[in-house]
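The structure appears below as structure tokens.
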Amino acid sequence: MENQVLTPHVYWAQRHRELYLRVELSDVQNPAISITENVLHFKAQGHGAKGDNVYEFHLEFLDLVKPEEEERLNKLRLESQGSPETLVSLRKGYLFMYNLVQFLGFSWIFVNMTVRFFILGKESFYDTFHTVADMMYFCQMLAVVETINAAIGVIKSPVLPCLIQLLGRNFILFIIFGTMEEMQNKAVVFFVFYLWSTVEIFRYPFYMLCCLDMDWKVLTWLRYTVWIPIYPLGCLAEAVSVIQSIPIFNETGRFSFTLPYPVKIKVRFSFFLQIYLIMLFLGLYINFRHLYKQRRRRYGQKKKKTH
């Protein structure tokens, strides 16, 4: 007895010289689509009205199909391998894992610093860098992915605020703290790292829940509120670290250089640090305005209902 041929639901639409066909199958595997003269042949394994089976159909057109149209059909078949639902699921899974890793990293930093402070008191300020710097390096290098996501449209965030935060933090971490051992034992490191991690332990779990289409009101409020005092304090702590590093850079001459002949003027790196201080507060204004707009959209005054 021959196996029964299962035909999927096929939807037809036509506009001017364009023809649209939609085959109602999900989880399609190994689709075989071809055209011989004026007949379209379709066969694929997928989930349809009769469950998971092989479905096929033949559609006869009124005229011969031109070779270039057959080429377009082949391209369409290659482009439609992944369904929109699958791509959305992959995107959410990727973002969830990224936010989870960042949350775990910053949580480790926050908890470690908090516990050490309660045990050692002020003494914990002076060895913060040597205790948590490796994890902070990891989290801040991984943060590059966040800016790339915004640039290519994976997340719906403006690129500029992401880029400002990335460059600002990495400048403090890698240049001010990372290259100057004299800065690594200062108390300001504790406050910079603690303020950074305080913001992130609320921001990243909020994004994780967004990937799951969940909304925890307490966490949402914290995500849109904690930054109000923390961001200015973080900016102030970063500014203090830059100011404290200026005499050290002047004394060591690190990153300073002399302009070539005939100018022969020595340019100290502290000159660029002074310019950076201005840019630091300009960046704070840009990010503060961006976050304020986000909060206003979330908790702005609701429109009165019209009766």
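Any Cβ shown, glycine's included, is placed from N, Cα and C.
What TrEMBL says about this protein:
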- 5-112: domain 'CS' (DOMAIN)
- 95-115: transmembrane segment (TRANSMEM)
- 135-155: transmembrane segment (TRANSMEM)
- 162-180: transmembrane segment (TRANSMEM)
- 186-206: transmembrane segment (TRANSMEM)
- 226-249: transmembrane segment (TRANSMEM)
- 269-288: transmembrane segment (TRANSMEM)
Contact between the transmembrane segment (269-288) and the transmembrane segment (186-206) (3 or more Cβ pairs under 8 Å, separation 6+): no
Overall pLDDT of the domain 'CS' (5-112), taken as the mean: 80
Residues of the domain 'CS' (5-112) by DSSP state, where helix covers H, G and I: 42 helix, 44 strand, 22 coil
